There are 2 protein chains.
Amino acid sequence: MADSLRIGIAGLGTVGASLVRILQQRSNELAITCGRAIEIIAVSARDRSRDRGIDLTGITWFDTPEQLASEAEIDVFVELVGGASGQAENAVRAALARGLHVVTANKALLAKHGVELATIAEDKGALLNFEAAVAGGIPVIKALRESLTGNHVSRIYGIMNGTCNYILTKMEKEGLSFEACLKEAQRLGYAEADPAFDIEGNDTAHKLAILTTLAFGNKISADDIYLEGITNISSEDIQAAAELGYRIKLLGVAQVTESGIEQRVHPTMVPLDSVIAQVDGVTNAVAIESDILGELLMVGPGAGGNATASAVLGDIADIAKSRPGAQQVPVLGRPAKSLTEYRRAKMKSHEGGYFIRLTVKDQAGVFASIATRMADNNISLESIVQRQRVHVEGAPQTIILVTHATMEDAIRKAVKAIKNEKYLVSEPQVIRIERT
Amino acid sequence: MADSLRIGIAGLGTVGASLVRILQQRSNELAITCGRAIEIIAVSARDRSRDRGIDLTGITWFDTPEQLASEAEIDVFVELVGGASGQAENAVRAALARGLHVVTANKALLAKHGVELATIAEDKGALLNFEAAVAGGIPVIKALRESLTGNHVSRIYGIMNGTCNYILTKMEKEGLSFEACLKEAQRLGYAEADPAFDIEGNDTAHKLAILTTLAFGNKISADDIYLEGITNISSEDIQAAAELGYRIKLLGVAQVTESGIEQRVHPTMVPLDSVIAQVDGVTNAVAIESDILGELLMVGPGAGGNATASAVLGDIADIAKSRPGAQQVPVLGRPAKSLTEYRRAKMKSHEGGYFIRLTVKDQAGVFASIATRMADNNISLESIVQRQRVHVEGAPQTIILVTHATMEDAIRKAVKAIKNEKYLVSEPQVIRIERT
């Protein structure tokens, strides 16, 4: 049997503690599977005295991730600290500078510094694995980076934030408001005390930016993502969607268009009978459309200590199974130096169907006016319905439009024209429909 | 850049021709991604004169797979011949004997000789990759062999035969008979002229046997699979399933039980609102339940020249990305010599829910008699309903039972007792319900 693989783990939160436990409890079988033992040599975490329910006897303690990455006698540095910069970044840079392999679950770090870190890793002949950074336990990085080699991806989309999917699922199943479901998610630990990063779509955007690069071979460009969260989705939208045969999901979508790459995160209507529409609660899903393979969909746990630890362990095992320095999987699917400049498609050129919900005054001619504004912008309608369960003279009316595929620009112009007409009672709701 | 990876391809049917085309058309980008060129050195096929729409200029032709495997100056032997023995087996043995890496799409060969071939490959330090052998383009082998390292799998199940899923989908959507849908599948090329291997479940069984070994670490045991095809599924079953909130799928299921490993292929009721129930037509799906990761489901094309070629290409690229002889991924997830003896769980010990459809004479006391036979065997019923849309005096009645989780043995005894009562008009239909 070959020499053991020596690892150092920075960060002993839920994921780190779970990883230590698994590596210790399953050391024998892992050694058999990998052809050599995986040995935890060093750890670092903020609080040395905290009881994490794991045995750290014989493992060297470092006070900072940077020290661990710089000084420990290890082959692999496992970064579970988190954050786009600071300690995590410094430690990963220090580890790569020494030619160590790095395994990380840090999406923010990769979304910001991924190309640079990949370049350093490849120059040093080191591996940089990050399966856990996107969609937790779903092996989507491996699918894109390895299984789909040679394919040209045309679109990738997915449910990549469990908090949002939990809230949307609960809103639909129990008919509750966004606020009530957010509170319940917080109570259950599915949402942070400050939930903005999740519910406004930023978390999904970080993950999408990484997938986009693996799919299309461009430099990571997280700042170029069109972003809409789920905070203004109402029970009315969810109910109307169901009646029209749709379900609302927060999707991250990246696709190739004639004018460049479209990267967008927004609430999306997907057909009720599609596979992705059945993905409930905190579960994640990622779909990849490519020209040779066709469509591949993967569904699984997107977060949680164990699921994330499983992805980290898979990354470590991949290193253990190869002889030191022997593998050359490009970090981002293609050698970092061959990644292309990011060419952003304009969101107003986006093509697709739209759901538009308008609350209007109960006055003659409104229906005709709306239909006319749509026609003025060459928007072809699949349906336009007026909904009011019980007609009360003078009460606001709801009008719901579903368009055939059209341009975002036309929708924006039509909605603007409708707003100018002064019969709207509240802000119009516009939700994009995604072909699945 | 490293030396090119030299490959030889045996078999130039749909998959082989597609593979040659992709390797030629995308040679530059593949060389960039893999860090070295992939070069087709040699091919073999039955008919040299046939026009396959591919350019074989400069590629050495061999008349047999064995010759190619034994004599060509290659690093990787790609076996696309098919068949559990004969030319395919001889050629793969010859290639491994020379220490060549092997990539194959041959499920029958692996189901029969997989452990022995894996042992030889590992002794020689060669890789034996076979992503295309199970569920076509779905990277389930990679998920089990690499991503799930360290996990203990408890159950794996899936839709692994596109022919059967196409027929069942069409029967439901169009209300047609099994025979009519089979004919349509044959017309479209989704079913063979002799469809027995698909519709009787053997194809699914081969794939399941391979997945079972990857999941549980036992020796491959394809002969120990409980097998029921879809030939006796009627429109009535499909309609009754829908009314009860289920859909019928041909599943291959392997799970760990107290008495051993259960491997079974049979028509199965899955809940209508489950993700796997939405998997339509020729699409495949595989679900893996494991203790660290949780549940992972993958959906994608299970067959077709391009999808299969994509999986083969991924396997070749994995070899190209590693330096020669540098990787040691165990062929079947664990080193072949450490695979355990297969311990078969008795099918009569299977636990689960059951759907039972009985066609009975229209006579007093039948309903009570059936309920009593169930109670005699301690079978707890979720529902028992009598269905006859229009009551016609004296015409046969349909009685449908759905049981709570119970033992297969109890069901068999109860059904036998009911058959002894002489009020059955036709054979009882029993379909297992699978928890998803």
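From the backbone N, Cα and C atoms, a Cβ is placed for every residue, glycine too.
Whatever TrEMBL says is automated annotation, not expert-curated.
TrEMBL lists A:LYS207 with the feature active site, proton donor. Neighbour density for A:LYS207 (active site, proton donor): within 10 A of its CB lie 27 other CB atoms from the protein chains shown.
As annotated by TrEMBL, NADP(+) binding site applies to A:ALA10, A:GLY11, A:LEU12, A:GLY13, A:THR14, A:VAL15, A:GLY16, A:ALA17. When Cβ atoms from all protein chains are considered, those within 10 Å of A:GLY13 (NADP(+) binding site) total 15, not counting its own.
The NADPH binding site annotation in TrEMBL covers A:LYS107. In the three-state DSSP reading, A:LYS107 (NADPH binding site) counts as helix.
DSSP assigns A:GLU192 (L-homoserine binding site) to coil in the three-state reduction, placing it in neither a helix nor a strand. Residues or ranges marked as L-homoserine binding site in TrEMBL: A:GLU192.
The annotation domain 'ACT' is assigned in TrEMBL to A:355-433.
Cβ neighbours within 10 Å of A:LEU12 (NADP(+) binding site), excluding its own Cβ and spanning all shown chains: 23. Within the same chain, the residues at least 6 positions away from A:GLY11 (NADP(+) binding site) whose Cβ sits under 8 Å from its Cβ are A:SER44, A:ALA45, A:PRO65, A:GLU79, A:LEU80, A:VAL81, A:GLY82, listed in sequence order. Looking at the domain 'ACT' (A:355-433) alone, the prediction's average pLDDT is 93. Taking Cβ-Cβ distances under 8 Å and a sequence separation of 6 or more, the neighbours of A:GLU192 (L-homoserine binding site) in its chain are A:THR163, A:GLN186, A:ASP198. Minimal Cβ crowding within 10 Å, among the binding-site residues A:ALA10, A:VAL15, A:ALA17, is found at A:ALA17. For the domain 'ACT' (A:355-433), the number of residues in each DSSP class (helix H, G, I; strand E, B; coil) is 24 helix, 28 strand, 27 coil.
Under the three-state DSSP scheme, A:ALA10 (NADP(+) binding site) falls in the strand class.
A Cα-Cα distance of 22 Å separates A:ALA10 (NADP(+) binding site) from A:LYS207 (active site, proton donor). Around A:LYS107 (NADPH binding site), the same-chain residues six or more apart in sequence whose CB sits under 8 Å from its CB are A:PHE130, A:ALA133, A:VAL134, A:ASP203, A:HIS206, A:LYS207, A:ILE210, listed in sequence order. Contacts of A:THR14 (NADP(+) binding site) defined by a Cβ separation under 8 A and a same-chain sequence distance of 6+ are given as A:GLY304, A:GLY305, A:THR308, in order along the sequence.
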